[in-house]
Amino acid sequence: MAAGDERRRPTTVLLFSGKRKCGKDYVTDAIHKRIGPEKCVIIRLSGPIKKYWAQTKSLQFDELLSDGEMKEQHRKAMIDWSENIRFNDYGYFCRMAIEMYDQNKSKEIWIVSDARRKTDIAWFKANYNNVKLIRITADECTRKERGWTFIQGVDDAQSECDLDDQLGWDWIVQNNKGDNCNDFINEIVNSTLTL
Ligand SMILES: Nc1ncnc2c1ncn2[C@@H]1O[C@H](COP(=O)(O)OP(=O)(O)OP(=O)(O)O)[C@@H](O)[C@H]1O
């Protein structure tokens, strides 16, 4: 690392994970709004994958990013394609996502919205200080109401299940229908800003 680069590293990395439709985007968007875009940025590890996919398949990138049908139609193919690349270089998409969302490394706080593998956690911990791990959970009933249905090859794949037995979460938060998610959003925001 060149002299002076140290101050261009984030002070905190909030690394979120959780199963499909548990509310990762919902919660991370809320935290991003609360902390503010001057200080923090959302880094989506799936961003570079979707960008590549959109370019090569002539799809709308925004639609692939959003919570819609198109993402679901292409999810399995994107997982299979990205596995091959990750197999040879587990940090590849982490680095690409940082380049995509905070190229100038100007933000103090990174909110990584979609860690899916132990290697994602390992890569961030190996490269950055103060990485906080947050697992969002929601019961199947709630997830179904949000549009989730079980898809073989997706919901039983490594991308969904690898972090099921991960230990050492800094927060495990329940985001079920009826839960007041403002409480844990406040707690995460307050503890991040007082670091
Ligand atoms: N606490 C909540 N209150 C109200 N709506 C919520 C809440 N959490 C999630 N939702 C809604 O549920 C849907 C799925 O949530 P979201 O897209 O955040 O899930 P996700 O975990 O990011 O899913 P995926 O893994 O498919 O990207 C969205 O329409 C979102 O607005």
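Placed from the backbone N, Cα and C atoms, the Cβ positions cover glycine too.
Features as listed in TrEMBL:
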type	residues	note
BINDING	LYS19, ARG20, LYS21, CYS22, GLY23, LYS24, ASP25, ARG146	ATP binding site
BINDING	ASN175	substrate binding site
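Annotated features taken from TrEMBL, shown on the structure.
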residue	record	DSSP (3 states)
LYS19	ATP binding site	coil
LYS24	ATP binding site	helix
ARG146	ATP binding site	coil
ASN175	substrate binding site	coil
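Sequence-distant neighbours of GLY23 (ATP binding site) (same chain, 6+ residues apart, CB-CB distance under 8 A): ILE136, ALA138, ARG146, ASN175, CYS181.
Using a 10 Å radius centred on the Cβ of ASN175 (substrate binding site) and all shown protein chains, the other Cβ atoms total 23. Within 10 Å of its Cβ, the residue among the binding-site residues LYS21, LYS24, ARG146 with the fewest other Cβ atoms is ARG146.
Other Cβ atoms within 10 Å of the Cβ of CYS22 (ATP binding site), summed over all protein chains shown, number 24. Excluding the listed site residues LYS19, ARG20, LYS21, CYS22, GLY23, LYS24, ASP25, ARG146, the same chain places GLY18, TYR26, ILE136, ALA138, ARG143, TRP148, ASN175 with Cβ atoms within 8 Å of the centre of the ATP site Cβ atoms.
Of all residue pairs in the ATP-binding list (LYS19, ARG20, LYS21, CYS22, GLY23, LYS24, ASP25, ARG146), the one with the greatest Cα separation is 12 Å apart. Contacts of LYS19 (ATP binding site) defined by a Cβ separation under 8 A and a same-chain sequence distance of 6+ are given as THR137, ALA138, ARG143, ASP155, GLU160, in order along the sequence. Cβ neighbours of ASP25 (ATP binding site) (same chain, under 8 Å, six or more residues apart in sequence): ASP67, SER113.
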